Every structure is written in structure tokens, then in C-alpha cells.
Amino acid sequence: QNQLTGREKWKQKIDFAFSIAGGFVGLGNVWRFPYLCYKNGGGAFLIPYVLFVVLGSLPVFFLEVTIGQYTNLGSALAMRMVPVMKGLGLAVNMINYHLNVYYAVILAWALRYFFASMASELPWSTCGNSWNTRNCFVFGALSNASNVINATNSSLRISSVREYWERGVLGKSSGIHEIGSIQWELLLCLLLTWVVLYFCIWKGIGWTSKVVYFTATFPILMLLVLLVRGLTLDGAWDGITFYLRPDIARLSDVQVWLDAATQVFYSYALCKGMLITMGSYNNYHYNSYRKSHPNTIYVYRRATFLPHPTPLINPTLPRDCIALSILNSGVSFVSGFAIFAILGFMAKEQGVDIKYVAESGPGLAFIAYPKALTLLPMPQFWGCLFFFMLFLLGLDSEFVGQETLMSAFVDLKPHWFKKPWRREMFLAFLSFTQFLVGLSMITNVLLVLSLVYYKTPTYNKTYVYPPWAVGICWVLTLSSIM
């Protein structure tokens with residue numbers, strides 16, 4: 001505890017690094033970066049990506065951490081240092097509230113597949129189940145290769161994997177106007193997600209920092225295991241070549257640069273208040289700059305005896321910032337090798353082009369990869385590993401976001417939260433409200449929001465959302481902007 005303000009502080013310096021790493025490395029590293037890389041010029045995409053990391057993420061990352069450390073406040077009140085901009089504190093926490101709600105639903109999907117992978121036969125590997133239609137075909141054997149090729153040219157054929165995702169898991173309705181009933185399996189998985197999340201952060205950062213040791217490192221180890229396994233598969237190098245094949249001409253497309261900037265700011269958790277909050281748990285004199293030059297260290301040590309640290313004027317970027325950024329981008333890059341090695345194997349096994357099996361977002365994690373599992377030996381084992389990895393990847397990002405939101409309320413009423421069990425009870429209430437909002441996302445509507453570049457949202461490139469549904473999207477966006 002800080003002696004002056006009573007605010008919690010990291011017990012060890014490494015706790016800060018692990019928590020930042022946990023908030024950084026998430027689902028976007030696994031399912032979004034690899035897809036964007038191959039979609040936007042393969043290896044050529046790395047040029048704008050690295051530029052935005054160096055020129056965009058590194059300075060903003062360092063800025064947000066030091067704002068939190070200097071003000072000793074979380075995201076809700078830190079911007080009081082610039083009164084005209086203090087509304088940013090409310091805005092970023094409105095965003096965090098929405099993010100935590102939908103992220104928990106994605107974790108519920110991962111849990112749903114994790115438990116399904118324990119069955120004696122993968123439920124998405126066969127037709128004839130209660131959720132299947134007459135148009136179902138199996139994407140799991142060499143004998144079906146011709147069927148797969150025909151299916152790519154026919155909208156009437158649907159793979160058993162896609163039917164399990166859309167009908168067995170989501171219970172997708174005909175449109176957003178048809179809400180339908182709650183999927184009880186997803187309800188239980190969502191409830192379990194929030195229970196696990198609650199007990200990961202209920203005692204504050206002293207407890208959370210210990211949990212993140214496991215949740216931040218285990219997914220990376222599993223990713224390396226999947227990478228080694230993927231590289232041994234026949235056709236793996238075809239997938240990697242497809243993933244990294246440079247197309248320099250794509251750099252003339254503005255959309256490529258927009259995708260790179262969006263990915264960097266999203267995956268580095270910038271402008272969400274998370275880094276400000278994590279930095280606020282550092283001691284005031286913590287050397288987050290960490291330059292090894294002896295003069296800098298001397299100035300820093302001298303500053304510990306002064307009421308305010310002497311400014312360090314030096315163009316060198318902070319070492320901690322660079323190390324964590326390399327970790328984040330490195331995980332994204334390595335995950336691309338792991339995912340596309342398996343996709344290359346799947347494409348060769350079925351005799352189709354990789355572009356028919358490589359999809360973005362949830363499609364990559366919940367359609368393309370389950371297809372590959374049906375072709376691997378011991379599919380249940382690899383399925384449990386993959387979806388448990390997905391769950392942990394999202395979990396540590398989720399409780400960094402939830403801790404950020406909780407810290408905002410603690411900063412507003414610090415004396416109220418000092419009483420016994422106040423924090424635990426309020427966190428339970430906050431989590432319960434987010435759980436209730438999340439129930440709308442486990443009905444028979446899969447709500448797909450595409451607000452980065454405005455265009456009429458569609459589902460699966462076939463269903464166009466009506467104007468009133470688009471209006472709901474804008475209301476959600478404006479709730480934080482206003």
C-alpha cells in the first residue's frame with residue numbers, strides 16, 4: 001500500500017511486466033494478425049506494421065504508463081491533470097465496459113468448444129446430428145475431397161464444421177430481428193467465465209499479479225507446442241509460404257496501412273485506460289524508462305530524494321517498453337506460423353486452395369481450426385489444448401480490462417472502498433451487470449459490429465443488417481464518444 005494515498009502497489013517489479021504482457025497478448029494475436037498479414041501482402045504487411053509499432057505504439061505506450069505512474073490515479077481521474085480532457089476518463093471506461101462484455105462472450109465460445117473437444121467423437125466432425133441439415137457434408141476425409149471442391153462453388157452445401165458453429169453453438173436465427181431463446185450451453189459457459197474472472201481479480205492487484213504468471217505464460221507455451229506440431233505436418237510449408245508471400249504492390253493500397261494501424265492500436269491496448277491503470281500501481285520513483293546510460297541512472301537515484309523527479313531528456317526509447325512490444329508483436333508473428341502451418345496441412349489434405357480455409361476473426365478460431373482438428377491424430381487432445389489456450393489468452397486480457405474498470409470506481413470513492421468487503425461486493429455487482437448484458441449475445445443472434453471503417457454491417461457476406469440495427473451500433477459507439 002502507498003503510505004500517502006493508501007493505493008495498492010505492485011509488490012515486485014516483475015508483476016507490472018507480467019500484467020502488461022497479459023493485457024497485451026490476446027485473441028487478436030492469434031486470429032486477427034495472421035489473417036491481416038496474408039490478406040494485405042504477406043511479408044510486405046510487416047513494413048507498415050513495424051512502422052506503426054515504432055512511431056505509434058511505443059510512444060503512446062510509454063506516455064500512458066507514465067501518466068498513471070505520475071498521477072497515482074487510474075484511467076477515470078488521471079486526466080484531471082488536463083481539465084478540459086477529463087471526459088476521456090469516462091469515455092475509456094465506457095469502452096472498457098463494452099469490451100469486457102463481449103470479450104467474456106468470446107471466452108464462453110472457447111469454453112464451449114473446450115468441453116466439446118472432450119467427447120469421444122468431435123461433434124463437428126459428423127453430420128446427422130440434431131443441428132445438421134440435409135445440406136451438410138463432412139470435411140474430414142480424403143474421400144470427400146471432391147465434395148469439398150464442389151462445396152466451394154455451391155451455396156447449398158454447408159460443412160459439418162460450419163453447421164456446428166452456426167446451428168449447434170450459436171443457434172443462429174434468420175436475422176437480428178429474431179432474438180430467439182438463450183443457448184443454455186453458452187449460458188453456463190458465460191457464467192463460468194465470469195466466476196473465474198471474478199476470483200482472478202477479487203482481492204486486488206496483489207492477488208491478480210500472481211494469477212497472471214500462469215495465464216500470461218501458459219498460452220505462449222501452448223502456442224509453441226502447436227507451432228512445433230504444425231511444422232511437422234505435410235503441407236505446412238505451403239501454408240507458411242502463403243502466409244508470408246510478399247506482395248509489395250499491396251503497399252499502395254491505403255486499406256493496408258489502415259489495417260496495420262488498427263491492429264497495432266488494438267493489440268497494444270492503447271487508449272483504453274488499461275496502461276494508465278497498470279502504471280498507477282507503480283511506485284512514484286519506479287524507473288519505467290530503464291536506460292542503461294550511467295548518467296541517467298545517477299539522475300534517477302538523485303531524484304529519489306527530491307519531491308519531484310528530475311526530467312530525463314534523452315531520445316532513447318525506454319527498454320521495458322521495447323521489450324514488451326517485441327513480446328506482443330513476436331507472439332502475433334509466431335502465431336501466424338502455427339495457424340497457417342495447420343491450414344496448409346488441411347488444404348493439402350483436402351486438395352483445395354488455402355484461401356478457402358483461411359478466414360478472419362471467429363471464423364479462423366471456430367471454423368477453420370476445428371476443421372483442421374478433424375484431420376489430426378488425437379483430435380480431442382489438440383482440441384482441448386487449442387481452446388484452453390484461447391480461453392487463457394482472452395482471460396488475462398479480460399481481467400486487466402476489468403481491473404481497469406474497477407480501479408475507476410475505487411479512485412472515485414477511495415474511502416468507501418477501504419471498508420471490509422466493499423471491493424469484493426461491488427466487483428460482484430459490476431460483473432453481474434456485465435453478465436446480464438452479455439446474455440443478449442448468447443441468444444439465437446450473433447451480433448457482428450464493424451465500426452472501424454463505416455459501411456453497412458453484414459453477417460457472413462450474405463445477410464445485410466437493417467437500418468435500425470445499424471442505429472443500435474451507433475448508439476453503442478456514441479455512448480463512449482459523448
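In case you wondered, yes, glycine gets a Cβ from its N, Cα and C as well.
Note that TrEMBL annotation is computational and uncurated.
The transmembrane segment annotation in TrEMBL covers 16-34, 46-65, 186-205, 211-228, 322-347, 379-395, 426-453, 465-481. The Na(+) binding site annotation in TrEMBL covers Gly22, Val25, Asn29, Ser267, Asn328, Leu393, Asp396, Ser397. Look at TrEMBL and you will find Cys127-Cys136 tagged as disulfide bond.
Of the two recorded stretches, the transmembrane segment (211-228) does not lie close to the transmembrane segment (465-481), with fewer than three CB pairs under 8 Å once pairs fewer than 6 apart in sequence are set aside. Touching of the transmembrane segment (379-395) and the transmembrane segment (46-65) is ruled out by the presence of fewer than three CB pairs under 8 A, sequence neighbours closer than 6 excluded.
Less than 8 angstroms from the CB of Asn29 (Na(+) binding site) sit Ser267, Asn328, Val331, Ser332, Ser335, Leu393, each of them six or more residues away in the same chain. Taking the centroid of the Cβ atoms of Gly22, Val25, Asn29, Ser267, Asn328, Leu393, Asp396, Ser397 as the Na(+) site, the other same-chain residues with Cβ within 8 Å of it are Ala21, Gly23, Phe24, Gly26, Leu27, Gly28, Ala216, Pro219, Val331.
Note: the Cα of Gly22 (Na(+) binding site) and the Cα of Cys127 (disulfide bond) are spaced 39 Å from each other. Val25 (Na(+) binding site) sits 36 Å from Cys136 (disulfide bond), taking the C-alpha atoms as the reference points. Nonlocal intrachain contacts for the transmembrane segment (16-34), taken as residues 6+ away from its ends with a CB within less than 8 angstroms of a stretch CB, comprise 10, 65, 103, 106, 205, 208-209, 212-213, 215-216, 219-220, 223, 243, 263, 266-269, 274-275, 278-279, 281-282, 286, 320, 323-324, 327-328, 331-333, 335-336, 339-340, 360-362, 364-365, 390, 393-394, 396-397, 399-401.
Non-local neighbours of the transmembrane segment (46-65) in the same chain are 20, 37, 251, 256-257, 260-261, 263-265, 268, 270-271, 275-276, 278-279, 282, 288, 317-318, 321-322, 324-325, 329; each lies 6+ residues outside the stretch with a CB under 8 Å from one of its CB atoms.
Local packing around the recorded positions Val25, Cys127, Cys136 was summarised as the count of other Cβ atoms within 10 Å of each Cβ; on this measure the leading residue is Val25. Within the set of binding-site residues (Ser267, Asn328), the lowest number of other Cβ atoms found within 10 Å of a Cβ is recorded at Ser267.
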